[in-house]
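Pulled from TrEMBL:
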SIGNAL    1-24  signal peptide
DOMAIN    79-159  domain 'Cadherin'
DOMAIN    160-268  domain 'Cadherin'
DOMAIN    269-383  domain 'Cadherin'
DOMAIN    384-488  domain 'Cadherin'
DOMAIN    488-605  domain 'Cadherin'
TRANSMEM  615-636  transmembrane segment
Amino acid sequence: MRITSTSCICPVLVCLCFVQRCYGAAHHGSIKVTRNQTKHVEGETEVHHRPKRGWVWNQFFVLEEHMGPDPQYVGKLHSNSDKGDGSVKYILTGEGAGTIFIIDDTTGDIHSTKSLDREQKTHYVLHAQAIDRRTNKPLEPESEFIIKVQDINDNAPKFTDGPYIVTVPEMSEMGTSVIQVTATDADDPTYGNSARVVYSILQGQPYFSVDPKTGVIRTALHNMDREAREHYSVVIQAKDMAGQVGGLSGSTTVNITLTDVNDNPPRFPQKHYQLYVPESAQVGSAVGKIKANDADTGSNADMKYTIINGDGSGVFSISTDKETREGILSLKKPLNYEKKKSYTLNIEGANTHLDFRFSHLGPFKDVTMLKIIVGDVDEPPLFTMPSYVMEVYENAKIGTAVGTVTAQDPDTANSLVRYFIDHNTEEDRYFTIDSSTGTIKTAKIFDREETPWYNITVAASEIDNPGLVSHVPVGVRILDINDNPPELAREYDVVVCENAKPGQVIQTITATDKDYSANGARFHFSLDEGLSLNPNFTLRDNEDNTASILTRRRRYSRTTQDIYYLPVLISDGGVPPLSSSSTLTIRVCACERDGRVRTCHAEAFLSSAGLSTGALIAILLCVVILLAIVVLFITLRRSKKEPLIISEEDVRENVVTYDDEGGGEEDTEAFDITALRNPSAAEELKYRRDVRPEVKPVPRHHPSSSLDSIDVQEFIKQRLAEADLDPSVPPYDSLQTYAYEGHRSESGSISSLDSATTHSDQDYNYLGDWGPEFKKLAELYGEIESERTT
């Protein structure tokens, strides 16, 4: 099969197509297919040879962006088996077959039906085959070939990163690199000059230039000044086909800004300035501004202002406002028009950030002269001193002159001044002032010990203009006089041990004086001379404002005398000297050998133990409760000695019921009902415990046998008769009920209750011989025996 390429339209392609056609027809473009041949040779059998085929394929080329009305011819397929009778059918398969590329199945001509773009797809891979039209059998194996899209210059260069914004310092050297721009071309860089780009500058000359091959933009002038022109717009063009005529081009804009450098020194617009400042301006306030111009920007325009000389350098100061770069003039000292009416200042403004490359353009500082005119203002009176300190004695009488304040009108008019005290505090009411002379006098009596210092405020105003007022603080110190006697520094608790020795120091005392130290700092201690010599204690002045109390004899006894009183006389060294007498209380206590107090009287002991009043009350309450419990216990114990039940066996309860409104509890003891329990157990003689009999009755003796034979009913009637005849019995309307539960048991009682009715003959005196451990027991039984005896 022979493949024939398309014809070329350009002269270069004509040559290539000619060489291709000639060479392809001879070698590459043909596939020779030889049919099987049978050769008969005499004497030889028929030999079949396998047909040989030779095929060489080449790639087709098709121009991109074909705009003609007819399909573009690509090439031709031809098989050696094709005799031109139409029996061979050509089939085309692969990329774009049937849609982009079509083939004439009879002639084998291939055409492109669409305009192709190499930038989208550079080549297509297809397969060609020749078959027998009648049998549809392939005449040759399938062959693969490539159709390449041939590039044309249909894409202009593009700056993908544009437009550009760059900066370059002003005053840069010529040829300083600014930026490199790059344009890209979508055409095939391996075929022709379609993608070969050349750079040129369309706008921005003569300030900048561009390298035609690399696209590097550089400065083209020396010393480009930002202050003259800051922004530049440079247009760069990129053209393909190596810049030849017919090439496509693209452009971009590069915005170049010159950055500032410190190449301009500061300059004051004027060499002389004048400023008006009133004399009433407050110290520390801003009174004016001044500014030196600098064409630079940013830190290159930073300024510092200083006062280099002038007669007002001590009165005014200048600082720099970093935002506005102005010099702020402030007042350091108050102005006085009457003393000085004008000042002259030389002010310097200098850059703080210098660039030594441009030092030849300097100096980077400037000086101007400022004249300050002080304005006259009606001022309030001025005191001769900023503050006053005066003194007065505490015994001064009301109306005593303390001191004088003086104020004058500082203006030329010299108006009269009126003085007064601001009565804002209580201290101001202790003084008065003469409105004309300014003399301060006392209005009350002072006590230095209460208030040693007074602070008042004196005001002065012009009589012609009362609104202008000035104030001055006045301090009044109250001087001390010796009007307070000395006294003991505290209450002393003086203790002397019973085993004290003569001359022993038992206490050291000190004194205080409310007066100032100059009036009584030296204290003198002594015993009262008006009294007789104290035989027990003496006093020694230590001459250091202390005194020692010493003993004068050996041993003291609490039992003889537990408290001593020692009068002490204390005098000061003031003029006139004052003295006072104080009495020390000295308690006698028992001490250990090392001098520690062991005990004093009850108050001292409890006090030394550190017990509070509440603790003492609690202890006493506990003691009272314990005593009450002991008394109650003894009372109960003694009450057990009386027989609760006289009966030997009947221990059942006794119920007494009566409706009697008189007599009370004593009615229950009006009669002894022991006999009702057991008549034989009754005593021969039983006295009433609720009344005292006037005449002691004679006891009646009944033999025991008669007691046993007495009937209970008769016994009750007898007792009732006796009660009716007895004038000391309870009221007659009382009802007494007696109950009888029968005779007693023949067996004796084992209860201990009946033991109280019998007398024991045992002697407990031997308990006293058992020693101190049984002393309490012996005393207890001794009392019992004595009671029984009684």
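Backbone N, Cα and C atoms are what each Cβ position is placed from, and that goes for glycine too.
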Across the domain 'Cadherin' (488-605), what is the average pLDDT of the model, as a whole number?
84
Counts by DSSP class (helix H/G/I, strand E/B, coil) across the domain 'Cadherin' (384-488):
5 helix, 47 strand, 53 coil
Secondary structure composition of the domain 'Cadherin' (269-383) [DSSP: H/G/I, E/B, coil]:
10 helix, 56 strand, 49 coil
Just to be sure I understand, if DSSP states are collapsed into helix, strand and coil, how many residues of the domain 'Cadherin' (79-159) fall in each?
0 helix, 35 strand, 46 coil
